[in-house]
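A.B. asks: The substrate binding site annotation in Swiss-Prot covers 43, 44, 45, 86, 193, 244, 245 and is backed by sequence analysis. Annotated site 'Transition state stabilizer' per Swiss-Prot: 154, in sequence order, evidence recorded as sequence analysis. Among the features that Swiss-Prot reports, active site, proton donor is placed at 234, with the record citing sequence analysis.
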């Protein structure tokens, strides 16, 4: 993901087409950016934050006024619009708020000067995310041993962030250092991020990865093939509860049963200190067609059947062995 000045837009890889096709999109309007985030053309909490930062800068460039009050008013309208694209991932709103603070912190500057600072802030958000992800990987690698079997859910690799990933960062670093991890990737229904994205990027990197259906996690754990679970996070509440892709809490319950450490990896930007617990996190519900029709040549459920399709679930803090950020490893007793 990057800003292209010549195209005056944000360049993203359309993840909805992977692994069959690699297609890059140029996003130049608020509507295109909103659509890309909502339809998961760009996804992963950190990546959404970076996309929002670049996106609101692109939109701000197009606000054609020298009047600062008019500029701020239009900027805030765009900010609120983009913030509604995905309600669960805290990085989205955090990045947009950070971009707005550029204006608030420099009230005496002109509109062109504001625009220049917005560009620099968007770049800083991306660079900080990349550095954080690598450090997350280094911190987690301290807990892993060469040859371990590692299970992951959804996609928290370089497709979900600026570089390396969060949950996949230690796997990539381990691959560079000859650790020989054996990774089990849950397919992650209903949108198959594990099958389409995690298996895709790990196999391209030469990692030993085995794809399994979500309901097979218990089997590979029982066989002793899994020694650790690593997942990303979209929001961490103040008490340590975690919102992540639907199915994560089930994996955590299985890991607890089989006495396998369950690690949540994410940058500190995903921690929402204003959110007391998981029950306070708004869970996005998505189109029923994602369950009944997507990926199938024909509908696979009765036409009139009701569908419940939450995009995320809450993993209680008591099921989490440690939360690993760029700042360090945090266990239950030192939250």
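Glycine is treated like the rest: Cβ placed from N, Cα and C.
In the displayed structure, how are the listed features positioned relative to their neighbours?
C.D. replies: Listed in sequence order, the residues of the same chain lying 6 or more apart from residue 245 (substrate binding site) and placing their CB within less than 8 Å of its CB are 153, 154, 188, 193, 231, 232, 234, 311, 312, 313. Mapped onto three states, the DSSP output places residue 245 (substrate binding site) in strand.
Of all Cβ atoms in the protein chains displayed, 29 besides its own lie within 10 Å of the Cβ of residue 154 (site 'Transition state stabilizer').
In the three-state DSSP assignment, the secondary structure recorded for residue 234 (active site, proton donor) is coil.
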A.B. asks: Between the two most separated Cα atoms in 43, 44, 45, 86, 193, 244, 245, the residues recorded as binding substrate, what distance in Å do you get?
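C.D. replies: Comparing all Cα pairs, the maximum is 17 Å.
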A.B. asks: On the three-state reduction of DSSP, what should I expect for residue 43 (substrate binding site)?
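C.D. replies: Looking at the DSSP assignment, residue 43 (substrate binding site) belongs to neither helix nor strand, so coil.
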A.B. asks: Give the sequence-ordered list of residues that share a chain with residue 244 (substrate binding site), lie 6 or more positions from it, and have CB atoms under 8 Å from its CB.
C.D. replies: 153, 154, 231, 232, 233, 234, 264, 312, 313, 315
A.B. asks: Please work out the number of neighbouring Cβ atoms within 10 Å of the Cβ of residue 234 (active site, proton donor), leaving out its own Cβ.
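C.D. replies: Within a 10 Å radius of the Cβ of residue 234 (active site, proton donor) lie 30 other Cβ atoms.
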A.B. asks: Other residues near the substrate site, CB within 8 A of the CB centroid of 43, 44, 45, 86, 193, 244, 245?
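C.D. replies: These residues sit around the substrate site: 48, 89, 154, 155, 156, 160, 232, 234, 311, 312.
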